[in-house]
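A.B. asks: Sharing a structure below in structure tokens format, with a few things to ask.
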């Protein structure tokens, strides 16, 4: 379960309900995976530098710790490992990157949902198996972790961390029931693990000279494949042949490809086991979903978590967010002088909302990008300042005007109440709130830290009273059907798709969860 969740304090009087929480005011990301296999051991692509850069591009997915494991890829070559708490750029020294020599490697950035936030839980995990060392990086959260843990302990397996990712790693060391009469059977091992774990995970598994890329059969967490192109293909805009590739890449999001001169190829499909070697990418198996259920890709990847330049299911995240803004304008227009946003993931929705209603779009908040999500408030003065340390009002843009503020989602609501107060104190005549996603009413146990039901403002306060709670002139949310429409519009008709909306609808894709 999500670690470190704060407990709400609820104070009621005749005028309003004041809900106070700890320092975290919203959802927090899961984890980010990045792996590479060089196609030619003779070329010099500085693999460790590129993995480091790839993790920087995924930093928004995890900000507690980072780790990289590399190998030269020979039968008896050791794994070189570097791990540390903190952000990617602070976790590795220049010497670390130089010493991470190899022809293949995997990296991980972490935000804990299961397991403590400490050094013992930093991924990738490395263990010895019957067929040599394996390194495992995991994004997600096992819904049946307790059962798996007890099973392993009963079989005499010792566990050294509190992370459910270690459970996956240990399952992979077990010989599959089908046996291994002809040597290593990693497809059998991975398939057996997948049949026991159900959801939720995307995985990178490194062994000897190859990486296995895996998504659970529901496809709940993202994973995609890219290829590193020759440098002159970007710098000189040279036409690239289909077979030119300096390395194969697997990552949680495609947004990280462009910075290193790589090209998006495709998503790893739900339930798919992909073998990545210097010879290419090979789909080895697809583990079916129970009872032929539809896929359940997390819809909040589109709403909030992913970078806007990422491609999921053949469409760019920014395009989906724009369609959410358009649909929101159709459902809940506002009679105002300007449209703005809470920086930054709601910006595409806000701009499309403004365009749809032919209302000017202007920024009203300047975000301090260097405060950080885990900003330590060392004194009473800074604690009382609240959002003022994160946002500065652009007063000239909205003084004396009516504005509508677009946000991507509202979780606990304490940040939004403070923003409305800041804007009105700074001269806004009216502040209306429009949310480009439905109310969040249910917790997530599949890899995202959404708070308990008792912490979600949509459960604490009736929707028709939330505007009063925020001090806003009105508050309205995008409908669930509207969100689904915005997401599905860009998916090809012949492409299998399905989305998990559990945090919005209460309809979980897995029948039995250990809550």
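Positions of Cβ are set from backbone N, Cα and C atoms, glycine also.
Below are the features I grabbed from TrEMBL:
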type: ACT_SITE; residues: 31; note: active site, nucleophile
type: BINDING; residues: 298, 444, 500, 503; note: [4Fe-4S] cluster binding site
type: BINDING; residues: 345, 407, 408; note: Mg(2+) binding site
type: DOMAIN; residues: 31-279; note: domain 'Glutamine amidotransferase type-2'
A.B. asks: Compute the mean position of the Cβ atoms of 298, 444, 500, 503, which form the recorded [4Fe-4S] cluster site, and then list in sequence order the other residues of that chain whose Cβ is within 8 Å of it.
C.D. replies: 220, 299, 300, 446, 448, 450, 501, 502
A.B. asks: Starting from the Cβ centroid of 345, 407, 408, the recorded Mg(2+) site, name every other residue in that chain with its Cβ within 8 Å, sequence order please.
C.D. replies: 303, 304, 341, 342, 346, 349, 406, 409, 435, 436, 437
A.B. asks: Validating a neighbour-count step here. Other CB atoms within 10 A of the CB of residue 444 ([4Fe-4S] cluster binding site): how many?
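C.D. replies: Total other Cβ atoms inside 10 Å, all chains included: 22.
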A.B. asks: Counting across all protein chains shown, how many other Cβ atoms sit within 10 Å of the Cβ of residue 503 ([4Fe-4S] cluster binding site)?
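C.D. replies: Summing over all protein chains shown, residue 503 ([4Fe-4S] cluster binding site) has 27 other Cβ atoms within 10 Å.
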A.B. asks: Counting other Cβ atoms within 10 Å of each residue's Cβ, which of the binding-site residues 407, 408 comes out lowest?
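C.D. replies: Ranked by other Cβ atoms within 10 Å, the binding-site residues 407, 408 bottom out at 407.
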A.B. asks: Taking 10 A as the limit, how many CB atoms besides its own sit near the CB of residue 345 (Mg(2+) binding site)?
C.D. replies: 22
A.B. asks: Averaged over the domain 'Glutamine amidotransferase type-2' (31-279), what pLDDT does the prediction give?
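C.D. replies: Summing pLDDT over the domain 'Glutamine amidotransferase type-2' (31-279) and dividing by its length gives 92.
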A.B. asks: If you draw a 10 Å sphere on the Cβ of residue 500 ([4Fe-4S] cluster binding site), how many other Cβ atoms land inside?
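C.D. replies: Excluding its own Cβ, residue 500 ([4Fe-4S] cluster binding site) sees 27 Cβ atoms within 10 Å.
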